[in-house]
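Feature annotations, reproduced from Swiss-Prot:
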type	residues	note
TRANSMEM	65-85	transmembrane segment
BINDING	Glu88	Ca(2+) binding site
BINDING	His111, His538	Fe(II)-heme a binding site
TRANSMEM	113-133	transmembrane segment
TRANSMEM	147-167	transmembrane segment
TRANSMEM	304-324	transmembrane segment
TRANSMEM	349-369	transmembrane segment
TRANSMEM	395-415	transmembrane segment
TRANSMEM	434-454	transmembrane segment
TRANSMEM	468-488	transmembrane segment
TRANSMEM	498-518	transmembrane segment
TRANSMEM	533-553	transmembrane segment
BINDING	His536	heme a3 binding site
TRANSMEM	574-594	transmembrane segment
TRANSMEM	613-633	transmembrane segment
Amino acid sequence: MLYIFNSFDNMWVDFIEQTKSFKVSVNNYFYYLNKIKKLFTYLNDLRKHILKKYVYTINHKRIAINYLYFSMVTGLSGAALATMIRMELAHPESPFFKGDSLRYLQVVTAHGLIMVFFVVVPILFGGFANFLIPYHVGSKDVAYPRLNSIGFWIQPCGYILLAKIGFLRPQFWRYYDKTSFSFPFLEKMKYNQYKEYKNDYLFYLDFLKKEITDDHSFFWKARKVIKLPQYSVFSFVPLKLMMWKTMINYPESFWYAASRVVQSRRKKVFVTKCSARTLTTAGWTFITPFSSNIKYTGVGSQDILILSVVFAGISTTISFTNLLITRRTLAMPGMRHRRVLMPFVTISIFLTLRMLATITPVLGAAVIMMAFDRHWQTTFFEYAYGGDPILSQHLFWFFGHPEVYVLIIPTFGFINMIVPHNNTRRVASKHHMIWAIYVMAYMGYLVWGHHMYLVGLDHRSRTMYSTITIMISMPATIKVVNWTLSLVNGALKVDLPFLFSMSFLLLFLVAGFTGMWLSHVSLNVSMHDTFYVVAHFHIMLSGAAITGIFSGFYYYFNALFGIKFSRMFGYMHLIYYSGGQWVAFVPQFYLGFSGMPRRIHDYPVVFMGWHSMSTAGHFITLIGIMFFFLMIFDSHIERRAATSSTLGLPRWYKRISYYIFKIRYLQHNKAKMNGIPGSTVRLMLIDRHFAEFEVFKK
């Protein structure tokens, strides 16, 4: 009996313990369930916060920072394409592309267009212009904030199309590259036999079936027979569901079908042995007839390229229209005609915005005419039917050469802000500096022909373009001399923006001198198609323009993000990036003197030494870019507060005059701005030593 009671007691104890453990497990379950619920609530709130802060925002400062982040991403993709190019050229016998010269040309095309249209332009006119102009003209925001947001979100559309050109394999586009960052957008449709049945019997697109196709040469005589394995089939789906999927997954099918329908009226078959239909080999300059004729370039890729440039042009047009209207309608009373109150960087940006307003429609008209020539059988650039292929080069370079000044003149503004800040004295002859950039910009409209010495221009045109190109060195010389004089007799404070400015000055001098040599017709004829030209414009754009942008970025870093930048990573960025530029592009001058042609993926072994050095310089530059992103991450993680110490006691005696200068300079500016009727003054912090007073309406 005792045994039974003990057993019952043990069973009861076990039951109580199991109940307790069950309660504990239930409590733990609800505890972790509550934690998961809080986590999902936090993630949902974070998603709403990110959408509200970055996607739905119409604030000019946030949109400007979005432009900067976007340009960082596109810059990395452009650098990846440049790495492919340098790895191909590091050694003869085509080590990277395995002899595929067309693929090499496609990568070069995408690299050039990404760097010009989706890196430098968004940084300057989407980032800095959107952030600074409302401050400097005295408005609370731009004239059309929602239009400003639309202009930003058009940029990624064009970039995705262009990245699709650069990061895909040379096969037909139904086979996408899984190593590409864009592969989620390129998932191919599943094979459907029923759709193929309807495609064959309802639409009877027999020329899109898998079959052997004759290849015709330029003389309309069959030379050989090529096989097109697994040729893509036009999928039959409803129109509303078909359009986006077709352009993303099967662009060659869509454009090839449309072009063949029109071309059949002229009884021509545009199939060639020159290039694969999905490759863009016309280059970033849209050389005709390669870009205007399906006979020479990709059936779908060149059209996607044209559409990408149109998207970039629409975004740029929205930006410069919005900012120019802001300047015209929202500027302070008295500010509109008193240029002396406006900072130099804003004067430079407004000048280049007006330049963009005149040259962007020209490029848009040129690429639209190319699209018409390709698909609607117009003959703007078709010589056999009365067109002029040289006209497209005139249109492109009328845009292309002023575009160089559009990219370099805003960096002049950054230098003119940094030099007086670091040297405790104003810029030498500010009015001459302003007139110099105006003369440089207006003369830039007259020299586009020096890119076309080899197309058959007569000697009078060559002489005119050469003379004006030489004359354009005078305003550039005025600027360099005034910057040098601004450094004399001052209490110089050497910091990171100032060192980037000096690096910019050296790179700009070398790029300008080498450009002046190219202005001479006799030298240009022998050097035009060599690596000398590649070195010249890369030192001007990748060297001078990007270095000037970095100087402005570090100068306005505290104003942009409200924190101080990491000095250690910043100085490493300066050393490696500037050093890498010299090591990468100076050897290319010697390659040009030796006769190494550009746009060629292979070369004799005699050029391997200079090419290897140039490739090493490229990787040194990539290390500098790595330090730049480390600086961004470290600055945002540490979040050191940007505090003003303008009135602090200086450590060194030579800084006494520096602080006195800044105090007097700020007091002078504040007195001038308070004199404008209907205005008040606010403070925009630049760095821990310096700030600017800006005006805005009451």
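Quick reminder: no glycine exception, Cβ is built from N, Cα and C everywhere.
Overlay of Swiss-Prot feature records on the structure.
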residue: Glu88; record: Ca(2+) binding site; DSSP (3 states): helix
residue: His111; record: Fe(II)-heme a binding site; DSSP (3 states): helix
residue: His536; record: heme a3 binding site; DSSP (3 states): helix
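Counting only the Cα atoms, the space from His111 (Fe(II)-heme a binding site) to Glu88 (Ca(2+) binding site) is about 14 angstrom.
Cα spacing between the residue listed as 'Ca(2+) binding site' and His536 (heme a3 binding site): 21 Å, rounded to the nearest whole number.
Within the same chain, the transmembrane segment (113-133) stays apart from the transmembrane segment (468-488): fewer than three Cβ pairs sit under 8 Å, each pair at least 6 residues apart. Relative to the transmembrane segment (434-454), the listed stretch 349-369 leads the set 65-85, 349-369, 533-553 in CB pairs under 8 A.
In sequence order, Ala511, Thr514, Gly515, Leu518 are the residues near His536 (heme a3 binding site), counting only same-chain partners six or more apart with C-beta under 8 A. Taking all protein chains in view, 23 other C-beta atoms sit within 10 angstroms of the C-beta of Glu88 (Ca(2+) binding site).
Long-range contacts of the transmembrane segment (349-369) within the same chain, counting only residues at least 6 positions beyond its ends with a Cβ under 8 Å from a Cβ of the stretch, are 124-125, 128-129, 132-133, 286, 292, 306, 309-310, 313, 316-317, 320-321, 323-324, 327, 378, 380-381, 392, 395-396, 398-399, 402-403, 405-406, 409-410, 413, 437-438, 441, 444-445. Counting residues 6+ beyond its ends, the transmembrane segment (304-324) has Cβ neighbours under 8 Å at 109, 113, 117-118, 121, 125-126, 129-130, 133, 142-144, 147-148, 150-152, 154-155, 157-159, 161-162, 164-165, 247, 251, 280, 291, 349-350, 353-354, 356-357, 360-361, 363-364, 367-368, 370-371 in the same chain. With pairs at least 6 apart in sequence, the transmembrane segment (65-85) and the transmembrane segment (395-415) have fewer than 3 Cβ pairs within the 8 Å limit; the two do not touch.
Around His538 (Fe(II)-heme a binding site), the C-beta neighbours below 8 angstroms that are at least 6 residues distant in the chain are Ala584, Phe585, Gln588.
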